[in-house]
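Quick notes on the structure that follows.
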Amino acid sequence: MLMLKADAQNATSLYNLHGKAKQQAIDAGRKDAKSLTKTYTTNISLVAILITTITFAAAFTLPGGYSSVDGSEGLPIMSQKIAFQAFLISDTLAMCSSFAVAFICVIARWEDYEFLIYYTSFTKKLMWFAYVATTTAFSTGLYTVLALRLHWLATAISVLVALLPILTKLLGEWPVLKLRFRLGKTFNSDLLDMV
């Protein structure tokens, strides 16, 4: 609007107006990005703490329970099973990665715009890893308990839970995937590929 009202004969004032308008747009965009990132941080830290709490509790309420036999009191009953070991590994990875996200949210700097872009990209990837590890811990924990008596049910639950992150990823990225399919080879967006 300022450029439309400016004197067309005075090129320096047009150049200055253009620079001023461009800087105002950049500042407004960065302010909006900071605001959105703060909202994102609130939400992602809440989810990260919930995953941390769930996986921490799962580590102490182990599938199959604890032994009460003399000489092995307090040891996990299913400790020799590979599914149980996979449960422990995935549960630990889920807890550590979600705890790292929560801690990153606490120490995030809001002044640096480039950091905000890197921060959201990194925490999304780390939370995705925590999500996959949590679902893996869930399925391996159930498989450990159910496999001896109900092998078909244990397998069905494991397959269903293994498909859950894939389906979630497809549904979350459906608008971008639809756009990529529609535009074909002409689709090229560095902004969408960065996230």
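For all residues, glycine too, the Cβ spot is worked out from N, Cα and C.
What TrEMBL says about a protein is an automatic prediction, not a curated fact.
Annotation comment: TrEMBL describes 38-145 as domain 'PGG'. Per TrEMBL, transmembrane segment is recorded for 40-62, 82-107, 128-146, 152-172.
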Long-range environment of the transmembrane segment (82-107) - Cβ separation under 8 angstroms, sequence gap at least 6:
41, 44-45, 47-49, 51-52, 55-56, 58-59, 62-64, 76, 119, 122-123, 126-127, 129-131, 133-134, 136-137, 140-141, 143-144, 147
Per-state residue totals over the domain 'PGG' (38-145) - DSSP helix, strand, coil:
82 helix, 2 strand, 24 coil
Which residues of the same chain, at least 6 past either end of the transmembrane segment (152-172), have a Cβ under 8 Å from a Cβ in it?
128, 131-132, 135-136, 138-140, 142-143, 145-146
